[in-house]
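These come from Swiss-Prot:
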{"type": "BINDING", "residues": "H98, D100, H160", "note": "Fe cation binding site"}
{"type": "BINDING", "residues": "R170", "note": "2-oxoglutarate binding site"}
{"type": "DOMAIN", "residues": "80-179", "note": "domain 'Fe2OG dioxygenase'"}
Amino acid sequence: MLVHIPNVLTPEQVSMLRDRLDRAGDAWVDGRATAGYTGAPVKRNQQIAEHSPVARELGDVILAALERNPLFISAALPNQVYPPLFNRYEGGMTFGSHVDGAVRVLPNGVKLRTDVSVTLFLSAPDEYDGGELVIEDAYGVQQVKLPAGDMIVYPATSLHQVTPVTRGVRVASFFWVQSLVRSDAQRALLFDMDTAIQRLNASGADTEACRSLVGCYHNLLRIWSET
């Protein structure tokens, strides 16, 4: 399940993050530092050092925005969110096809299962050529290039890549979510049900029927969730 979440950040927030990242200097390091065994050979980009002050400061801005975003909560059903990271592609940089590692270690040593991968775009599409996020899923190959401030949420099990950036600079944040529901198929069903419930409520549909659907939703979540 791929979900496009628009306007996660305001234009003012995007501008602030870009300004801080553009002035980050030595905090930008070789992106291979965080790649796994199979990812490192095909990864050519730069990242903000994972535990640097700028990464924590800007990551907190994103985490606060996620807490206020009902579409993200509905789609990802977050249990734990990995602190957001930041990357930059320019001058032909790319990240070849790979699958994200199954487990990440949080700063406090707790292990996080990567159920959901997230990319938050911080560059406008007309700022760069190339740089599409290409995701292979059960429905084929999806190419993603979103407005600055928009986000794509997709299963971490997906084979994906970032195509070479041939002009300009592509800046983004990326991170992972351990969901309350590890199965993508189950999350997709719950997301569709939640979306339908919201539409029925907005249309003034029969409230008793809506209450019944809400009960079904929460009972399925109770069966499938892991806390």
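Every residue, even glycine, has its Cβ placed from backbone N, Cα and C.
Note on the binding-site residues H98, H160, R170: the fewest other CB atoms within 10 A surround the CB of H98. Of all the Cβ atoms in the protein chains shown, 20 others lie within 10 Å of the Cβ of D100 (Fe cation binding site). Looking at D100 (Fe cation binding site) and the residue listed as '2-oxoglutarate binding site', their Cα atoms lie 20 Å from each other. Broken down by DSSP into helix, strand and coil, the domain 'Fe2OG dioxygenase' (80-179) contains 3 helix, 62 strand, 35 coil. A straight line from the CA of H160 (Fe cation binding site) to the CA of R170 (2-oxoglutarate binding site) spans 17 Å. Same-chain residues with CB within 8 A of the center of the H98, D100, H160 CB atoms, the Fe cation site residues themselves not counted, are G39, F95, S97, V99, S117, A156, S158, L159, Q161.
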